[in-house]
């Protein structure tokens, strides 16, 4: 009889709108879209109120990445041209540049602090080191895939070694080099965010600042705006590489 009374009371509370596990789950599911809307509003408010800072940080991020990729391209192409004829030298070059990629970003930046200090220099140095492998490898593979008949034809019409390299070989290898630059740029966009650890430039400072303020109203908007801008800028740069490839590569090589 006592059990029946308890059950009756429980059913009465349920009929009056009392809390049950199923109703609690329904309430939580109903509140999630509302919370997501509040977060999007907070993100939009932060972006609109910090436009100048976001534009400046984005410019620094893209500038540092492109400087690093240009430096890595010059170094990587030279290394590739010097080593592609020798299997031992080419394997050594690719192995060393591959080994650099196995070093975690935090560890590499930490190793660079005693050598070059904090700021832009260790950030650029780390990005250059990480960007070398795709460019070196693509240069070596591209040079080895050039048809010997083309080189013989160039020599046959009186072209010297340097002229053949500049006017025949490098244009043929350019699509492979550009593909390496494209891959290096995508990697560098993400690595530079971690360079905020050594006071590096770019959008990584926003992400780190947001993570340091976990619990505050601006923590999520700061970290999320920095992350989204890095993704958007990476996609824009990738599209520009595709356009550059179409403009600088002849139709016969594509």
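Here the Cβ of each residue, glycine as well, is placed from N, Cα and C on the backbone.
Range 119-136 is the one annotated as transmembrane segment, of 11-28, 29-46, 119-136 (source: TrEMBL). Proximity of distant same-chain residues to the transmembrane segment (119-136), defined by a Cβ-Cβ separation under 8 Å and at least 6 residues beyond the stretch ends, is recorded for 64-65, 67-69, 71-73, 75-77, 79-80, 93-94, 97-98, 100-101, 105, 108-109, 112-113, 177, 179-181, 183-185, 187-188, 191-192, 195, 198-202. Residues 76, 79-80, 83, 122-123, 125-126, 129-130, 132-133, 136-137, 140, 191, 194-195, 197-198 of the same chain sit 6 or more residues outside the transmembrane segment (91-113) yet have a Cβ under 8 Å from a Cβ within it.
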